[in-house]
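Visitor: The structure under discussion is supplied below as structure tokens; questions concerning it will follow.
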Amino acid sequence: MGDWSALGKLLDKVQAYSTAGGKVWLSVLFIFRILLLGTAVESAWGDEQSAFRCNTQQPGCENVCYDKSFPISHVRFWVLQIIFVSVPTLLYLAHVFYVMRKEEKLNKKEEELKVAQTDGVNVEMHLKQIEIKKFKYGIEEHGKVKMRGGLLRTYIISILFKSVFEVAFLLIQWYIYGFSLSAVYTCKRDPCPHQVDCFLSRPTEKTIFIIFMLVVSLVSLALNIIELFYAFFKGVKDRVKGKSDPYHATTGPLSPSKDCGSPKYAYFNGCSSPTAPLSPMSPPGYKLVTGDRNNSSCRNYNKQASEQNWANYSAEQNRMGQAGSTISNSHAQPFDFPDDNQNSKKLDAGHELQPLAIVDQRPSSRASSRASSRPRPDDLEI
């Protein structure tokens with residue numbers, strides 16, 4: 001009957017992701033259907049057409065009578081039945097492989113976040129999100145998938161289709177053959193000259209195999225029904241249990257921590273980068289917005305960063321000891337820091353930009369040097 005090893009290997013992988021009833025169903029499918037069909041049943045029906053004889057010498061009469069008595073061979077009919085009832089299980093296996101692929105991606109992302117955590121980045125929120133996704137997909141351990149959520153629904157749908165196919169093939173078999181074979185078949189069909197009798201080889205043996213395959217189909221159908229009820233109640237139990245699940249009941253809405261003290265955490269969670277360049281002079285009407293305007297933690301962090309930048313800039317210019325025209329205070333624009341009570345805040349008085357000198361860095365000409373009365377460090381004292 002061909003090589004069943006490919007189908008057997010695929011169905012064998014389903015064992016690890018099935019319930020107890022599903023494992024029993026697969027055992028029945030392997031032992032009492034595939035194995036028996038490939039050995040005893042095939043040999044019993046090996047001469048079904050060659051040993052079919054009719055009491056006439058009319059050419060072609062035996063062929064048309066055999067076609068009328070057996071529109072499709074029992075063996076080929078059972079092969080189709082096995083394929084159809086196995087397809088829903090293979091679709092469920094495809095969903096399992098999809099979940100396992102998701103597990104690999106989540107594990108890879110989790111490793112990257114843990115590496116970032118060792119560098120001082122607070123990624124607890126993102127790690128918690130990955131844990132919730134694993135729980136949603138039914139991933140408990142590496143390589144182990146628990147049946148819940150979408151995977152459970154796929155499993156229930158596969159059981160429903162298997163049950164429908166079992167019932168459909170039983171009805172088709174009953175309509176075409178019945179569940180027993182007669183030793184003599186009467187045929188009246190062209191080109192037979194008259195009504196002829198045709199004889200079937202080993203009708204009793206074939207009837208026994210037909211009844212046996214009927215019982216196996218009924219057992220498989222009963223297992224599907226039991227497994228369907230089990231999966232249904234399991235889904236209801238998981239739904240009730242999910243309301244008190246620690247991932248949903250205790251965590252609450254996920255939100256980033258309000259401590260933006262760490263520069264890396266501030267950058268990782270959407271606050272302004274601690275190394276973001278700030279313009280020393282903002283044109284009138286320009287407002288520098290940093291971070292999330294609705295996030296109080298980022299607001300505090302941005303305020304401290306901007307004040308420090310202005311202070312550093314003032315100190316650097318003062319150290320240069322330059323004199324000259326000063327920068328108009330009108331060019332120093334306040335930064336906006338949204339608050340609950342007011343729209344904007346100016347920098348504190350201690351952090352206002354002091355008037356600074358701007359000096360032309362080009363060397364002075366001789367005329368300017370003579371005209372200048374300002375003492376220089378290299379002048380001789382008299």
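First residue shown is number 1, and so on along the chain.
Cβ coordinates come from backbone N, Cα and C, glycine included.
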Visitor: Quick one: which of Cys187, Cys260 does Swiss-Prot link to Cys198 by a disulfide?
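Guide: So the cysteine that Swiss-Prot bonds to Cys198 would be Cys187.
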Visitor: Looking only at what Swiss-Prot records, is Val75 on the same membrane side as Tyr17?
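Guide: Each on a different face of the membrane, per the record.
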Visitor: On the three-state reduction of DSSP, what should I expect for Cys192 (disulfide bond)?
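Guide: Where Cys192 (disulfide bond) sits, the three-state DSSP reduction gives coil.
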Visitor: Cβ under 8 Å, sequence separation of at least 6 from the ends of the transmembrane segment (77-97): give me the contacting residues as numbers and ranges.
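Guide: Residues 1, 7, 10-11, 13-14, 17, 26, 29, 33-34, 37, 41, 145, 150-151, 154-155, 157-159, 161-162, 165-166, 169, 172-173, 176, 213, 217, 220.
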Visitor: Residues with Cβ closer than 8 Å to the Cβ of Cys187 (disulfide bond), same chain and 6+ apart in sequence?
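Guide: In sequence order, the residues whose Cβ lies under 8 Å from that of Cys187 (disulfide bond) (at least 6 apart) are Cys54, Cys61, Val64, Cys65, Lys68, Ser69, Gln195, Val196, Asp197, Cys198.
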Visitor: Just counting, how many other CB atoms are there within 10 A of the CB of Cys198 (disulfide bond)?
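Guide: So the Cβ neighbour count for Cys198 (disulfide bond) comes to 21.
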